[in-house]
Amino acid sequence: MYKWNLPYRKDDVETGREGGERSLYPTMLESPELRWGFIRKVYSIIAFQLLATIAVASTVVFVRPIAVFFATTSAGLALWIVLIITPLIVMCPLYYYHQKHPVNYLLLGIFTVALAFAVGLTCAFTSGKVILEAAILTTVVVLSLTVYTFWAAKKGYDFNFLGPFLFGALIVLMVFALIQIFFPLGRISVMIYGCLAAIIFCGYIVYDTDNLIKRYSYDEYIWAAVSLYLDIINLFLALLTIFRAAE
């Protein structure tokens with residue numbers, strides 16, 4: 001279609017694109033409109049995941065018999081272990097089928113609900129003040145880092161180099177957690193663990209947002225959503241750990 005048939009379109013001299021399409025980053029070759037559509041889809045999925053997590057976790061927190069069942073019975077303990085392991089197990093087929101509809105959505109639902117139960121059980125034995133503080137700070141941090149990453153990408157910065165460092169830091173964090181389980185070191189060590197976890201997952205939010213802008217293919221919307229959802233949930237749990245230890 002000729003340009004004169006679309007009077008509302010205007011060449012963007014700065015980016016060299018027609019219709020005023022603005023690139024998300026300087027070396028962008030794909031259509032910004034398609035990439036923005038992909039980004040909106042991923043954030044829509046994350047929003048539904050977070051809403052489901054809030055709904056399930058709130059049910060666990062406010063319906064006290066649920067928390068009591070998990071905390072005081074052997075069956076509840078066994079079910080709690082199953083719920084902790086389920087997200088890890090489901091991630092394997094979810095990664096394999098993340099491009100196959102509707103299996104990917106089914107697995108995503110199972111993954112989200114199981115993780116939401118684990119979050120709910122953590123919150124059930126935490127004061128409301130601490131939960132609110134962690135939730136507010138998580139929201140502020142996630143929004144700030146997301147805006148910063150989009151701005152940095154626009155300016156030409158790239159965060160792909162963070163991948164190996166974050167993975168190494170995550171391994172250290174997991175070893176620290178195992179040590180803490182078998183050899184509890186007290187409140188100070190718990191706060192140190194929470195601070196390290198918060199820093200690491202802040203880095204992962206920047207790293208995964210950068211991948212969302214530049215690297216994920218359009219068929220990888222499920223895996224992109226899972227990555228950022230895990231970053232947000234883990235950041236919340238890390239902040240919850242810090243505030244609980246400081247309370």
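Note that Cβ sites are derived from N, Cα and C of the backbone, with glycine treated the same way.
As written in Swiss-Prot, here are the features:
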- 42-62: transmembrane segment (TRANSMEM)
- 75-95: transmembrane segment (TRANSMEM)
- 105-125: transmembrane segment (TRANSMEM)
- 130-150: transmembrane segment (TRANSMEM)
- 165-185: transmembrane segment (TRANSMEM)
- 188-208: transmembrane segment (TRANSMEM)
- 222-242: transmembrane segment (TRANSMEM)
The transmembrane segment (42-62) vs the transmembrane segment (105-125): 3 or more CB pairs under 8 Å:
yes
Paired segments the transmembrane segment (105-125) and the transmembrane segment (75-95) in contact, 3+ CB pairs under 8 A:
yes
Is the transmembrane segment (165-185) close to the transmembrane segment (222-242), in the sense of at least 3 CB pairs under 8 angstroms with a sequence gap of 6 or more?
no
Below 8 angstroms Cβ to Cβ, which residues of this chain, lying six or more residues outside the transmembrane segment (130-150), approach it?
24, 123, 159, 202, 205-206, 209-210, 213, 232, 235-236, 239-240, 243-244, 247
